[in-house]
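A.B. asks: From TrEMBL, here are the annotated features:
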- B:34-53: transmembrane segment (TRANSMEM)
- B:65-87: transmembrane segment (TRANSMEM)
- B:99-123: transmembrane segment (TRANSMEM)
- B:197-218: transmembrane segment (TRANSMEM)
- B:273-292: transmembrane segment (TRANSMEM)
- B:317-335: transmembrane segment (TRANSMEM)
- B:347-380: transmembrane segment (TRANSMEM)
- B:419-438: transmembrane segment (TRANSMEM)
- B:531-548: transmembrane segment (TRANSMEM)
- B:560-578: transmembrane segment (TRANSMEM)
- B:583-603: transmembrane segment (TRANSMEM)
- B:609-633: transmembrane segment (TRANSMEM)
Amino acid sequence: MTEPVLRIEGLTAGYGSVDVVRDVHLEVGKGEVVALLGPNGAGKTTTLRALSGLVKASAGSISMDGQDLTGLTPAARACRAIAHVPEDRGLFRGLTVAEHLRLGPRGERLDAQLAYRYFPALPHIADRRAGVLSGGEQQMLAVGRALARRPSLLVLDELSLGLAPVIVEQLLPVIRAYADESGCAVLLVEQHVHLALEISDRAYLMAHGAGSDSHDAAALRRDRSVIQASYLGGQEWTPTADREKERDGEMQ
Amino acid sequence: MQTVVLFALLGLGSGAVIAGIALGVVLSWRGSGTINLAAGATVMVAGYVFWAVRTGFFGFALQTVPAIILTLLFMALYAVVVELVAVRPLRSASPLAKLVASMGVLLLTQALVLLIFGTSPLNSPSVLTSDVVSVFGVAVPEAQFILAGIVVVLAAGLAALYRFTRFGLATRAASESESSAALAGLSPNVISLGNSVLGHVATGFVGILAASIVGLSATTLPLLIIPALAAALFARFTSFGIACAVSLLIGISESLLYQASNESWFPTQNGSAVPGVQQVAEFLLIVIALWWRGSSLPLRGDLVERSLPMVPDQDRLAARVAPVAIACAVALVVLPSDFRQAVTTGLVATVLCLSFVVIMGYVGQLSVVQLALAGVAGFALSHLEAAYGIGFPLGPILAIAVATVLGVLIGASALRVRGVTLVVVTLAAAIAIEQFVFANPDWGGGQSGASVESPTLFGLNLGTDASFRGLDGSLPSPVFGLLALVVTVVLYLFVANLRRGDLGRRMLAVRSNERAAAAAGVNVRAVKIQGFAIASFLASVAGVMYAYDFRTVSANSYGTMSALSLVASVYVLGVTLVQGGVLAGFGAAGAVIPLILQTWVLPENRVSVYMQLIIGTGLLIQLRFCPDGLLVASATKRERRARASRAAKALTAVGAKPQGGV
């Protein structure tokens with residue numbers, strides 16, 4: 001297999017002295033859409049924030065195209081073609097839609113036309129401030145802005161938060177289409193599990209800060225028991241069982 | 001009418017300086033979320049450096065243009081240093097800490113300028129043309145118009161920069177949400193640095209040009225921050241145009257006020273105009289700006305959670321207080337006279353610092369008006385005695401009541417204002433009181449000061465001239481010192497106990513989140529008013545004690561810069577801890593620590609400037625390395641250790657083995 005775009009190995013991260021995420025492994029390949037699923041408090045958002053550098057990782061490594069990201073600031077990581085749409089959408093209320101599509105790191109020109117092509121509603125509201133847009137429009141802008149940066153890794157945190165399911169159903173296929181067309185790697189966290197699995201190639205499950213091995217999205221769609229177990233607790237879900245055993249062995 | 005127009009034009013020069021400072025304030029706010037109290041000092045630094053390179057102070061004299069360029073380069077460097085020392089390390093700190101850091105910069109730069117260039121004002125060589133134009137037959141310097149024009153162009157240029165360039169866009173974005181900006185690949189550090197350099201260079205440029213018009217003085221220029229802050233408040237710390245326009249209007253109004261003070265209808269006292277009307281007007285302007293433009297600044301989304309200093313528990317009070325109190329009592333009798341005096345002054349200053357602990361540490365409101373309130377109490381005491389013959393003990397009680405009521409009024413006028421903006425109000429209030437009340441020949445002490453009789457009770461002299469003398473038989477008498485010791489210990493216990501009580505807990509709730517406190521049933525307004533009342537009371541008691549200590553009150557003892565120094569030293573030691581108040585008190589002007597330094601370490605005549613230098617430096621170091629304050633850091637460490645050992649004991653008590661790992 002070729003080098004994945006994103007490789008997270010043994011990531012441990014948290015807030016203060018409390019680790020929220022422990023020993024998480026995941027990979028995302030080129031053109032692949034990977035979902036990160038799990039109940040509230042599982043550590044999904046923290047994993048994404050650690051990936052972007054907003055949370056410091058206390059152990060493990062995160063690498064993009066084989067290059068280690070450790071020690072880089074969030075801004076420097078963003079400049080490595082990571083586009084992260086956070087839970088709060090990461091917009092600036094005082095800036096207009098058009099200004100958002102001009103706002104990039106030094107030396108990077110955003111492709112506003114690309115955003116307008118994927119979200120045809122955006123050109124009509126180009127002069128409005130982000131603060132007065134509806135939730136759906138804001139999310140379109142957030143995703144459109146991320147796409148306009150032509151990232152090699154797109155990170156999406158709860159696109160569906162606060163949106164009607166019908167809008168989510170419109171947004172997610174756009175992500176799939178973009179990944180297929182551009183070869184961008186996509187890592188998404190989503191509470192609408194079935195919608196996420198429909199557009200994903202693979203999925204990782206998380207619970208209580210521990211991650212699982214990779215699952216095939218199609219298999220998860222067919223067999224809901226694994227996911228139910230990860231949300232509700234049960235035998236079917238083993239958080240990366242082998243590694244867990246190894247670690248127990250070491251401790252004893 | 002003609003004179004009105006004329007004086008309006010003459011105000012353009014000072015208006016332009018205020019505008020230059022206001023632009024710097026807006027840039028700092030937008031770039032890093034700091035309310036930069038040192039923006040006025042920027043004008044001072046630029047003016048002095050330009051004067052020095054132009055006149056050959058450093059051994060070489062340059063022509064005007066190279067001198068300007070060199071000065072601006074220096075200002076850029078200065079901006080980088082300030083950014084690295086006082087802004088970047090505090091990115092994660094509370095807005096209060098950022099503001100205190102800029103206060104540290106202000107104290108430090110002013111002390112440095114005073115040490116390097118001396119205290120007397122200088123005449124800067126003029127940069128702009130010295131031609132005059134005739135307006136209504138009166139010569140008006142052309143430079144006034146040019147300077148005002150340059151400031152307007154600067155403001156327009158900055159507005160355009162923010163509107164049309166990528167840098168401006170990035171700054172606007174980052175000031176809204178730093179984390180979103182970071183995710184968008186914008187570095188908040190670089191943006192903050194860029195704005196800082198821009199601000200210092202722009203303000204410095206205005207300072208260079210204006211130095212010959214407004215004069216170079218290390219004592220007056222930094223205080224131009226007050227009108228500049230008023231203008232910035234009107235601009236909501238955002239609009240360059242409004243900040244510039246309001247600044248020019250303030251300059252014009254001040255000039256008109258000056259002209260009016262020569263008119264027959266202007267209120268006079270003893271044949272001369274009432275002093276300080278301008279400062280009162282500035283204070284009122286700030287209050288109006290705050291009511292009109294809303295209660296708070298535009299919100300900033302900072303990258304890191306804001307943290308407040310810890311408030312350690314107060315335990316084993318008696319064991320802690322008794323040795324210090326006994327040591328003070330012995331010192332008051334045994335030590336030579338100048339040290340006895342210093343111990344007494346330290347005790348009085350401690351009471352003043354306790355008022356900062358209450359209002360800043362417990363309620364989380366940065367108020368710098370306390371020293372001025374102390375002054376009000378002192379002057380009230382003197383005048384009650386001189387005019388109405390009211391002496392001890394009714395006189396001090398009335399004086400304390402008057403000053404406390406004034407403090408509560410100032411607090412009430414700022415009720416809608418929280419945290420950072422409050423400092424603007426109280427700073428303006430302090431300066432207004434200083435100029436309007438203290439400098440007034442009738443209400444205050446005028447130039448000479450007002451005398452105070454020693455307190456006597458039942459024929460017993462309790463003052464510093466009592467018959468009971470120290471071991472060396474000289475004045476001052478330890479009697480007043482012992483009285484001050486008793487008062488200080490009582491108030492210390494009161495403030496320490498406040499932390500443990502219900503009101504203290506409500507204060508802490510208000511400090512950490514006003515809305516959450518209100519939702520939990522705490523009456524935020526009432527708590528704030530109570531906080532102001534207690535703090536004002538403490539300050540007033542200190543003011544009365546000061547008056548008895550020195551047996552005279554004069555405006556100099558209650559100056560605003562001394563107030564800032566005091567606030568800073570309390571902050572360094574730990575604003576949330578009563579012990580911090582004590583140490584800061586003994587480090588205050590005239591107290592023990594400066595006396596020790598003066599006697600054995602420092603050159604005698606400039607000890608206050610050196611103290612200011614030490615405090616400013618200490619503040620920046622403390623904010624960098626233990627942002628909660630020196631004493632608080634050690635107290636929390638002790639607390640944590642005690643908790644850990646308690647937990648271990650509890651474990652062994654139930655027979656469980658302490659377990660390794662998490």
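Using the three backbone atoms N, Cα and C, a Cβ is placed for every residue, glycine included.
All annotation found in TrEMBL is predicted automatically rather than curated by experts.
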A.B. asks: Under 8 Å, at least 3 Cβ pairs, sequence separation 6 or more: does that hold for the transmembrane segment (B:65-87) versus the transmembrane segment (B:583-603)?
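C.D. replies: When sequence-distant Cβ pairs are counted, the transmembrane segment (B:583-603) does not touch the transmembrane segment (B:65-87), since fewer than 3 lie under 8 Å.
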A.B. asks: Apart from its near flanks, which chain residues at least 6 from the ends of the transmembrane segment (B:560-578) lie with a Cβ under 8 angstroms of it?
C.D. replies: 100, 103-104, 106-107, 110, 219, 223, 309-312, 314, 349, 352-354, 356-357, 360-362, 366, 368-372, 427, 430-431, 434, 492, 495-496, 499, 584, 587-589, 611-612, 615-616, 618-619, 622, 628-633, 635
A.B. asks: Ranking B:34-53, B:419-438, B:609-633 by Cβ pairs under 8 Å to the transmembrane segment (B:583-603), which is first?
C.D. replies: B:609-633
A.B. asks: Mind pulling out the one from B:197-218, B:317-335, B:531-548 with the most Cβ pairs under 8 angstroms to the transmembrane segment (B:34-53)?
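C.D. replies: Selected stretch: B:197-218, with the most Cβ pairs under 8 Å.
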A.B. asks: Mind checking which residues reach the transmembrane segment (B:609-633)? Cβ under 8 Å, same chain, six or more beyond either end.
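C.D. replies: Contacts with the transmembrane segment (B:609-633): 85-86, 89-90, 93, 97, 100-101, 103-112, 114-115, 307, 309-312, 561, 565, 568-569, 571-577, 579-580, 583, 587, 589, 594, 597, 602-603.
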A.B. asks: Do any residues, 6 or more residues outside the transmembrane segment (B:273-292), come within under 8 Å Cβ-to-Cβ of it, and if so which ones?
C.D. replies: 226-227, 229-230, 233-234, 250, 253-254, 257-258, 261-262, 266-267, 413-414, 416-417, 421, 424-425, 428-429, 431-432, 434-437, 439-440
A.B. asks: Near the transmembrane segment (B:531-548), which residues from the same chain, at least 6 beyond its ends, have a CB less than 8 A from one of its CBs?
C.D. replies: 345, 347-349, 351-352, 354-356, 358-359, 362-363, 365, 367, 370-371, 373-378, 381-382, 396, 399-404, 406-408, 410-412, 452, 454-455, 463-464, 480, 484, 487, 491, 495, 498, 507, 510, 557-558
